[in-house]
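Asks: Here it is, the structure in full.
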Amino acid sequence: MLRQAQDGRLRLGVNIDHVATVRNARGSGYPDPVRAALLAAEAGADGITAHLREDRRHITDDDFARLSAGLPVPLNLEMAATEEMLAIALRHRPHAVCIVPEKREERTTEGGLDAAGQHNHLAPMVAKLREAGCRVSLFIEPDERQIDAALRLGAPVVELHTGRYCELPEHGRAEELKRIADAAALAAKAGLEPHAGHGLTFDNVIPIAAIPQVAELNIGHFLIGEAIFDGLAPVVRRMRALMDEARG
Ligand code: PXP
C-alpha cells in the first residue's frame, strides 16, 4: 500500500537519478535505482523523484516502469514539456509530475521553467496531466511572474529552484533566501503548494526547510554522493532529521 506523509510534516522526496548515472557509466545492471528507491523509502523518504531525461542519460524507460509498478511511497516524475514525455506520464500516471526545462547540453536543470512565456505550450499538458490524476508541479524561479503564470495554468504545485541559493557563499545567501521565502509565502497565499529543491545539502538545507509554507523538498545529487561514504539509509535519515530540526 502507498505510504503517504503525515499531514503537515515537511516531506522529503529523494531523487535517485544518480544511482542510474553510476550504473550507466559501466553499462552494467547495477547499482539499481529501484533498489535505492526502496531503501530510501524504508529510511524515511516520503516520496521518490526520478527525472526521465530526453537523452536517457540516467533513468531509463525500464527504470521508470519499474518505479511506477512497485514503490510504497508516491512517485514524482520530473520531465520536459514534450509530447514524448507527456505520453509516458499518461501511460504510467505517477502520483506527481514536475515539469522542468531541459536542454540537452546542460549537466543538470539550469534555471526554472518559463511558465509565463510558455503558457500556450504548457496549458494543454497541465490539463491532460491533471485529468489523468497527476499532481502537476512547475519547477520555477522564485519569482512573482512565474507564480502568477503557474496559477493561470492551473498547476496546484510550484517547486522553487534553490540552485542559485545553494551556489552562493554562506555569508551571501540572505537576499536569495528571502526571495525564496517571499515566493513560498506568495504561492501559498494564492492557494499553491510550494516545494523547493536543487543543490540542497546537509550544510544548506536548514534555512530552506525552515520556510513554513514549503511542503516538500526534493533532493538527489548530494544524498547519492554522500551515500558512497555513509550508506543511503543513514544519509536519508540524517537529512530527515535536519528537516525536522528546522521545523522544530
Ligand atoms: N528538483 C528538480 C525539479 C530537479 O530538476 C532536481 C534535479 O534533478 C532536483 C530537485 C534535485 O536536485 P539535486 O540533485 O541537486 O538535489
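Placed from the backbone N, Cα and C atoms, the Cβ positions cover glycine too.
TrEMBL annotations: computationally assigned, not manually curated.
On a predicted model such as this, the values are computed, not experimentally measured, just so you know.
Annotations for this protein, taken from TrEMBL, read as follows:
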type	residues	note
BINDING	N15, R26, G199, G220, H221	3-amino-2-oxopropyl phosphate binding site
BINDING	D17, H18, R53, H58, T108	1-deoxy-D-xylulose 5-phosphate binding site
ACT_SITE	H51	active site, proton acceptor
ACT_SITE	E78	active site, proton acceptor
SITE	E159	site 'Transition state stabilizer'
ACT_SITE	H198	active site, proton donor
Asks: Can you tell which of the binding-site residues N15, D17, H18 lies nearest to the residue listed as 'active site, proton donor' in space, using Cα positions?
Replies: N15
Asks: Listed recorded positions are N15, R26, R53, H58, E78, H198; which sit with C-beta under 6 angstroms of ligand 1?
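Replies: If the test is a Cβ under 6 Å from any atom of ligand 1, the answer is N15, E78, H198.
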Asks: I need the least crowded one of these recorded positions (D17, E78, E159), counting other C-beta atoms within 10 angstroms of each C-beta.
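Replies: Looking at the recorded positions D17, E78, E159, the Cβ with the fewest others within 10 Å is that of D17.
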Asks: Return the count of C-beta atoms lying within 10 angstroms of the C-beta of H51 (active site, proton acceptor), excluding that atom itself.
Replies: 24
Asks: Starting from the Cα of H221 (3-amino-2-oxopropyl phosphate binding site), work out which of the recorded positions (D17, H18, H51, R53, H58, E159) are within 10 Å.
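Replies: Hits: D17, H18.
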Asks: Are any of N15, R26, H51, E159, G199 (the recorded positions) within 10 Å of H58 (1-deoxy-D-xylulose 5-phosphate binding site) when you go C-alpha to C-alpha, and if so which?
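Replies: Final answer, ordered: H51.
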Asks: At a 10 Å cut-off from the C-beta of G220 (3-amino-2-oxopropyl phosphate binding site), count the other C-beta atoms across all protein chains.
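Replies: Summing over all protein chains shown, G220 (3-amino-2-oxopropyl phosphate binding site) has 24 other Cβ atoms within 10 Å.
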